[in-house]
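What follows is a short report on a single structure.
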Amino acid sequence: MNRAVLGVPDITCTACVETIESLFKDDEFIKIRVNLVPEKEAIVFWGPEKTTLASIRERIEDSGFGTSVLSENYETPDNYLEKRTEFQIEGMTCSSCTSTIHAALADHVLSCDISLETKTASITYNEFTISPAKIVDMIEDCGFDAKVKSAVMTTLEHVKIQVLGMVCMSCVNTIQDVLGEYTGINSVVVSLEKEEADVTFQPDLLTGPVIASHIADMGFEATVINLEQTEYLKSTFNITGMRCKSCVDKITNGENYETPDNYLEKRTEFQIEGMTCSSCTSTIHAALADHVLSCDISLETKTASITYNEFTISPAKIVDMIEDCGFDAKVKSAVMTTLEHVKIQVLGMVCMSCVNTIQDVLEYLKSTFNITVSPSKTSPSKKQFVKCSIKILGMTCASCVGNIERTISKAAGVLSIVVSLMSSRGDVIFDPSMTSAKELAAAIDDMGFEASVISTGGSNEEKLTLTVTGMTCASCVRKIELSLKKIPGISDAVVTLTTSSAVVTHDRTIIPARDIIGAVENIGFGAEIRNNTENYALLEHKDAINKWRRSFLVSLFFVIPPHNIIPGLSVENLTMFILSTPVQFFAGWKFYVAAWKAIRHRSLNMDVLIMMATTISYVYSVGIVVWAMAVATPHSPKTFFETVPMLITFISLGRWLEHIAKGKTSEALATLMKMAPAEATVVVFNNGQVEKAEVVNINLVERGDLVQVKPGEKIPIDGRVIDGKSSCDESFITGESMPVTKRAGDSVYAGAINNNGSIIVKATHVGAETNLQQIVRIMEDAQSSKAPIQQHADVIAGYFVPVVISLSLLTLIGWLIGGFKNPERVVNFAFQMAITVLAIACPCALGLATPTAVMVGTGVGYKNGILIKGGEALEKAQKIDCVVFDKTGTITYGKPTVSVFQILTSKMPKSDIIRIVGSAESQSEHPLGTAVCNYAKQELKTEVMEKISDFKAVPGSGIECTVGSKHRVLIGNRSWMTSNGLKITKDVNAMMKQHEELGRTAVLVSIDGLLCAMIAISDQLKPEAQQVVHVLQKKLGCKVVLLTGDNQITAKAIAREVGIFEVFAEVLPTHKADKVKDLQAAGKTVAMVGDGVNDSPALVTADVGISFKTGTDVAAEAADIVLMNDNLEDIVAAIDLSKAVVRRIKYNFVFASAYNVIGVPIAAGCFVPIGFSLQPWMASAAMALSSVSVVTSSLLLKKYTKPFFDNSWKKGDMLKEDEVLIQTGRNFIDKIATSLANISEKMSNGSNNIVGEKFASLPKTCEGEKNEQIARIDGTLVESRDEKEYLLLDAQNDSDSETDL
């Protein structure tokens, strides 16, 4: 058990203390005690094999409290976690029964006092290692009935302690809470006014002075006043309905609760009829004088304003007393008065308990009608940033992306913005005190794009969209909005009558969706959740596909011109003018709007080029026709009316096809999002029977609900099976098509298909918390992120449009200057070439080259069980030339298993030996014992072991016990056997040594004094490990390193077996990241592969961190690539996929660049001398198809298949001893130089010269954090005080002698 003291400076009251302690109340491996005064600290106890201090701190900090480590080796009293509990035991008949219970509990509790007469046991135990429920189970395993005793008659003592230094109720609560945790204290009542603490306690466990010292430790002065002894009956009650500390105070203090004198005062107006004179008022005064606090009677208004204590008298009683005087009286129903409204800033509130206290107290003040207290949600001293996601429609190329990013990044409060062209989404991190998500969306909308907020992070708030029925007018809308906004947990509600919808922003932890629907129904309207398919449609680009399909078909109608030509005013030109005008000003209006907004924000994009090309064509054609008509030319001039509909038609066609292709690129993500069912069957399940079943929307399922999943249905939530048996298809997570058997206690995941058998699942994660939604979120973020290579396209896109406009202008001027003799033909041809340049140039292809490939690549990776978290990781993976493996759980399975079970005798059958050994180890809690027991169950194909007795475990040696009441069994190491009188032969010793050199743990088995077996236990290698290492080294050219905290022998044995030539062993978790940095400094692009919390720093430090979904959550969060299957072959697949995607990106760039580099000169007329030129409509067709070609090129990645691993692979021979270079810890050669320099200065003899000469020949050795290095020069022990390291140098006079470290 490890222990540490954490500083928690942010706690301010007992509510904070309870919040932190509640985080670990259900964790059997973590115990925590939080002290509010005087130090604001938390004392933590934890099992190092189950968790780490860093993980504990992270859980506390996630709750909003900062932490710091004050001490990691905190010494506490041995009895700090001791607890004493009374148990009732039925079935004991003699002293043999008590001995049986004593023997069963001996190794698990601190003391056990059993009374055969009262049938009780008073047991003292460490609550960190065992619980009362476990003790009950152990007693019942002995054949007795046991339960925690609910009432104990005992002698208790009562002490009054004077406590000085308390200043507020927080001090009172702190003393009561802290003392209440001590074993032996039954009750604590602290009075702030009397400065006293009344404590009732068990004198056999505590004394009055000890209790006073505990109070003094909290920072108060405490002195014992008197001591009383009383007989008490202690009972334990289960109290439901308590919600906060205030509830506890009310129950604890009871009638001693002190309130202000006017706490129950109330003032009421009464109407009195029949009064005629002052004698009447005097009569009423006299009647009420002894019953009310004050009475003001007005003869003129015939009213009485009476103040009374509502605990002693009621308004009805006052009416009766007035009527007994002969008058008619009633409570006045309405009082016309003037009310004022005031806002008061209240500082010092820290939780909702403060809010409720202020409201409750103010409500009892006279003349106070309405009080609303709002706590501040954020500290003004800490700037907090929030991330929001915004849907952005209308982007066409990288220029649009760059325009949005440049403009929004300059907005006040915006920290960063990343816009994804492919997913039509922007992620913005901003300061909510300076701007909001709605304002940012409005700013993007003002730039010519359609923007709407998808989600806002940084809080627990969610948006719920409801379909509301029964609304008839605006009054209904207002009624619903006002009613919902009054409900705690709902921050906003927007109801729309025309769409019969309501969008409610709420905190799901405070008010779930079901309660919101219930609130709407209670008002008198119907409500149900509206299925949101917007994300699916967005990913599949359905709206954009429909939009551009309509645009293409409409424009196509105006494309085909008549061919008859009449001298004079051409019918063709007139017809084309009529046909092109609606296209120019109606179909092209969206381009005008987008272009104008872009120009207004000082940016140029694709819309500007389209607008310029169509406008120039149309205006030039109108102008030249008007001129021809004005001068009455004999023939019709050449015009470009056909360019307008042709250009817009081909652009619409290209956009239509482009969005169809884009929809295919995000197909994997869209399919994944559709995997979760829309509904779930929530049931009431009792005694193995479903009593009630209700089909509800999936968003209405809350954590803890019981959900029934029938055969063929998809599992709607993450949870644990509590009843039933079935098999589930979890291929969407594991990639394995084989169904996984599920029975009670097994975990299931949302989206998995229940193949056969009905199961009842208890929901543990719902909504966005499910495994499926987390994968969706990772893929969304990955597809929205930018690969570094995309920066080149962004830079080019920023200059592309201005350069194209300049080239178009130069083309126009060049052809006008060097044109032909016919002026009309020169002008016409120059304009044709200039328009063609505008029409053919396309930055879209460059902008789509990277994101389309990344989107398809991440989707293909997911389908192959590789979850890639972003474009940067995808690009870096193809550069990997060094792979660092963790050992435990990565190269190996991470749990010990039996490698060899060698029988050493022929006197007993092997099956009998295995059965006896497995039975003996069934009571062991050691991992090696568990491995042996599991091996026995597997070999014997049974779960039932023989009964054992007299079990004894000796740490570091072994175990002994009796199996089946006749076999005396010893299992352990050599020393354990020899200490029990057994002789180990040379052959057995050599066999054990051989296995130990392979990194295995060898133990011996003795049955009835006969040495029967030798068992070798090891952490088994994954079968594919050797082949994967071979492929990485030989085919991918990667350097492979093993990095582990395990000892040198085991690490070297594993490395020899898998073929790794370089090993770093005995490396502390904090230094693994340093090793990765050393490799990076040597010029390597490093991939770190690990699955544990201790690997997280190295995973973050590496260029690419790779973890497994089956590993720890911390490692998966820190990694850049998560492998869904626990298979090392996917590491090779991830690198290979990265190479394929980057290769495809480069192909796309080459094609997009070549298209513009070749297309623009052709459009400018450079090949006219050889008779080759383009019409504007041809250029528009080429431009439209360029983007489609790039997206189609990216879609070819869908044909990617993982590298094939030969199933006939045969394991190679182990590496030789000298082939593996093993180093321990951090390299400390540089420190040796400093140490030797210090040593040489202190030495007075000449041997220091030898040391100086020998330093150049020192072997490259490493320090090994777990081992001390000792230095001896000429037989003298030398310590380097500065470096705190020890060096062992055996310096000799012979100049050729070696220096050993």
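Backbone N, Cα and C atoms are what each Cβ position is placed from, and that goes for glycine too.
Note: TrEMBL annotation is automatic and uncurated.
Note on TrEMBL: of 316-336, 1177-1197, the range annotated with the feature transmembrane segment is 1177-1197. Here the transmembrane segment (1177-1197) lies next to the transmembrane segment (829-849) in space: the count of CB pairs under 8 Å, restricted to residues six or more apart, reaches at least 3. Across the domain 'HMA' (462-528), the prediction's mean pLDDT works out to 82. Of the candidate ranges 2-68, 266-330, 462-528, 2-68 has the most C-beta pairs within less than 8 angstroms of the domain 'HMA' (157-223).
Broken down by DSSP into helix, strand and coil, the domain 'HMA' (266-330) contains 21 helix, 23 strand, 21 coil.
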